[in-house]
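These notes concern the structure reproduced below.
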Amino acid sequence: MKAAYYIGIMSGTSLDGIDAVLADFEAPRPVLLDNFYLPYPEKLREQLKALHFPAHGELHRAATLGNQLARHYAEAVGGLLRKSGVAPPEVAAIGCHGQTIRHCPQAEAGYTIQLCNSPLLVELTGIRVVSDFRSRDIAAGGQGAPLVPAFHQALFADPHVHRVIVNIGGISNLTDLPRNGSVTGFDCGPGNAMMDEWCARHTGQAYDEEGRWAATGKTLSVLLEKLLALPFFSLPPPKSVSRELFSTTWLEGYLKGDESPADVQATLLELTVAGIARCILGYCGDATEIYVCGGGARNSYLIASLQEALSGRKVGLTDSLGVDADWLEAFAFAWLARQLIQGIPGNIPSVTGAKGPRLLGAIYPA
């Protein structure tokens, strides 16, 4: 039985759960065959959130959570295989991003940590695993992020149209795809993470569905200006940012305490929009088509606000290009696993700032 398929697993900084996809790369164009979503239990979500900040006993907690994550990832793989009718021997590899708890590429000895006990995941699934995709790029002087632009280029580059692909997960980032074939990409700022945290705290809902709650508030312009004064927003690319920078803990340092929660939610949405729009207007020149993917793609109020900020440009979802916006990032890590197994570099130095193209990831054989 030929192992023709790849599985991609992504659990992003929003900490909502696990996206798993089954992909076929044998066709002329990559094909997303099936998908499966497994939400995180609330207790696991809170434990992972706590690991974003230094605390006593964090090494032990990180190791045990890595084991828990491997079991949840294996459960997601099992659900995906049952849904698709594919057997484990038909899968060449699992590309598992892991759960980011620290990302510090600018440190003297830069590092990044994505939790997952990969050997345990191999044992539980019987499938070869590729993980730790970011460390090699950082070792080569890069930011280790974003890594998805190489896949965006393979899927969406068009010699006749200047496109930008915007991923709005916990953090927002973009890939610039000019007509001349050069590619850049970088983090823009916050995505859904702070909005989700604020929404959960004040409404009890995990996220603000379609941005309806934010739409009831008004933007607090003074607060927005203070948040946008963070030096990160003025940094030129390549740049990347970690989840712990954009948190409600950071936000609370700017609040007076008498703000309407709905107004703060509206302001956080505009902060995400402003971060993205500034990057596109400042660094993506004459781009005419903007396509959004990630969880934020389903926030219709956010998309409408982004369209307003980028008037004169087409703003849509990657769905219209043939790839479901919800699954694109997991799809990318299936592709990155294949790149490594085939001995093909997975980074783009002009995106991450690395010294050159590098093979990304570590292979754990079955």
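Even glycines carry a Cβ here, placed using N, Cα and C.
Straight from Swiss-Prot, the features:
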BINDING   Gly12, Thr13, Ser14, Leu15, Asp16, Gly17, Ile18, Asp19  ATP binding site
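The binding-site residues listed here are Asp16, Asp19; among them, Asp19 has the most other Cβ atoms within 10 Å of its own Cβ. Of all the Cβ atoms in the protein chains shown, 19 others lie within 10 Å of the Cβ of Gly17 (ATP binding site). Note: the ATP site is recorded as Gly12, Thr13, Ser14, Leu15, Asp16, Gly17, Ile18, Asp19; in the same chain, Met10, Ser11, Tyr40, Gly169, Gly170, Gly295 also have Cβ atoms within 8 Å of that site's Cβ centroid.
In this structure, the binding-site residues Leu15, Ile18 were compared by how many other Cβ atoms lie within 10 Å of their Cβ, and the smallest count belongs to Leu15.
Around Thr13 (ATP binding site), the same-chain residues six or more apart in sequence whose CB sits under 8 Å from its CB are Thr100, Gly169, Gly170, Ile171, Gly191, Ala193, Arg243, listed in sequence order. Annotation for Gly12 (ATP binding site): spatial neighbours Asp19, Thr100, Gly169, Gly170, Gly294, Gly295, Glu329, criterion Cβ-Cβ under 8 Å with sequence separation of six or more.
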